[in-house]
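Trainee: Copied straight from TrEMBL:
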DOMAIN    1-359  domain 'FMN hydroxy acid dehydrogenase'
BINDING   Tyr24, Tyr129, Arg164, His254, Arg257  glyoxylate binding site
BINDING   77-79, Ser106, Gln127, Thr155, Lys230, Ser252, 285-289, 308-309  FMN binding site
ACT_SITE  His254  active site, proton acceptor
Amino acid sequence: MEITNVMEYEEIAKQKLPKMVFDYYASGAEDQWTLKENRNAFSRILFRPRILIDVSKIDTSTTVLGFNISMPIMIAPTAMQKMAHPEGEYATARAASAAGTIMTLSSWATSSVEEVASTGPGIRFFQLYVYKDRNVVVQLVKRAERAGFKAIALTVDTPRLGRREADIKNRFTLPPFLTLKNFEGLNLGKMDKTDDSGLASYVAGQVDRSLSWKDVKWLQTITKLPILVKGVLTAEDTRIAIECGAAGIIVSNHGARQLDYVPATITALEEVVRAAQGRVPVFLDGGVRRGTDVFKALALGASGIFIGRPVLFSLAAEGEAGVKKVLQMLRDEFELTMALSGCRSLKEITRDHIVTDWDAPRIAPRL
């Protein structure tokens, strides 16, 4: 079967992967309301296309933290990619590099920062969980810096792991032939089998619940890398993040895997953008499956988006070639959306190109 859109990879992944692995990747927290809403909310944003504009040349390129990339579509951190495919994060890194975009490596990757760096050139960010043992954090950040990573994406929505019922039912744990490679030498690379979710037990034991804004400042004392605060959903936290020195904000609900019944990220985006007032770039992850979704996020003020599950599902289905294809399909769809909306570059995408179900009714101007 020919794959014609990103969503089609999910069913292929479901057929190929062990149930425990697919469920870990695919599921959300509790009722999974936010999981569905992350997708559904995009369908409540409609286009106001402008016509008869010369769109013979379209430029999708942009810059993120000063780095030039081919498109505003980047790869979000997703854990344990070797559960999806033997090449795991190596394949993802090569696909991102080939597409001229940024990959974010998870703290809980099954390949280390050094291994991912060894795949060749590329702009890479490192996603950080703050462990109770701060020496572990210092070592990890220093290793990421040495390996040429360009920014830290600090995950701030996980003092405890969300209740993911599929993982509880499946007694989820990292398969014995894999390790959390970044922690292998620190005796933190393995996950015990439990009568619950093995990951939830691991997080309870290792991740620091006392993490607070002062730690965002502390992080800046141990690294010169820019820090993106990942997991912001409100104007209040946007303002504090900027005051604490964040170089950017990622509007994220952790793929709907943490607190259920938070809004879809596309719904929360505009509040965050307004609070940021252009002082730092705002990015979004969660629910992006189409080029139209990318355009909608940019029209609402995002500087770019990150994709997570589409990478995992395409990796499971076709390895590096699958991830490349996902990035290419999204880019092609996004470019087409730009053309059909009358936008030739990212700076031409405006709030006036969309209408949302939370907008006040438009009064047509008098002629």
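Cβ atoms are placed via backbone N, Cα and C, with glycine included.
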Trainee: Please report the number of other Cβ atoms within 10 Å of the Cβ of Gly287 (FMN binding site).
Mentor: 27
Trainee: Including all protein chains shown, what's the count of other C-beta atoms within 10 A of the C-beta of Tyr129 (glyoxylate binding site)?
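Mentor: That number is 22.
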Trainee: Pop the Cα-Cα gap between Tyr24 (glyoxylate binding site) and Gly287 (FMN binding site) into the table, whole Å please.
Mentor: 16
Trainee: Averaged over the whole of the domain 'FMN hydroxy acid dehydrogenase' (1-359), what is the pLDDT?
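Mentor: Across the residues of the domain 'FMN hydroxy acid dehydrogenase' (1-359) the model's pLDDT averages 95 on the 0 to 100 scale.
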Trainee: Distance check, please: Cα of Pro77 (FMN binding site) against Cα of Tyr129 (glyoxylate binding site), rounded to an integer number of angstrom.
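Mentor: With the alpha carbons as reference points, the distance is 11 Å.
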Trainee: How many Å separate the Cα atoms of Lys230 (FMN binding site) and Tyr24 (glyoxylate binding site)?
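Mentor: If we compare the Cα positions of Lys230 (FMN binding site) and Tyr24 (glyoxylate binding site), the gap is 21 Å.
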Trainee: Relative to the Cα of His254 (glyoxylate binding site), which of the binding-site residues Gln127, Asp285, Arg289 has the closest Cα?
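Mentor: Checking each of Gln127, Asp285, Arg289 against His254 (glyoxylate binding site), the shortest Cα distance is to Asp285.
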Trainee: If one measures from the C-alpha of Arg289 (FMN binding site) to the C-alpha of Tyr129 (glyoxylate binding site), what distance in angstrom results, rounded to a whole number?
Mentor: 26
Trainee: Could you give the Cα-Cα distance between Ala79 (FMN binding site) and Tyr129 (glyoxylate binding site), in whole Å?
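Mentor: Distance between the two Cα atoms comes out at 12 Å.
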Trainee: Of the binding-site residues Tyr24, Tyr129, Arg164, Arg257, which sits closest to Asp285 (FMN binding site) by Cα distance?
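Mentor: Given the candidates Tyr24, Tyr129, Arg164, Arg257, the nearest one is Arg257.
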Trainee: Round to the nearest Å and give the CA-to-CA distance linking Tyr24 (glyoxylate binding site) with Arg309 (FMN binding site).
Mentor: 11
Trainee: Tell me the Cβ contacts of Gln127 (FMN binding site) under 8 Å, same chain only and six or more apart in sequence, or just say none.
Mentor: Pro77, Thr104, Leu105, Ser106, Ser107, Ile152, Ala153, Leu154, Thr155, Lys230
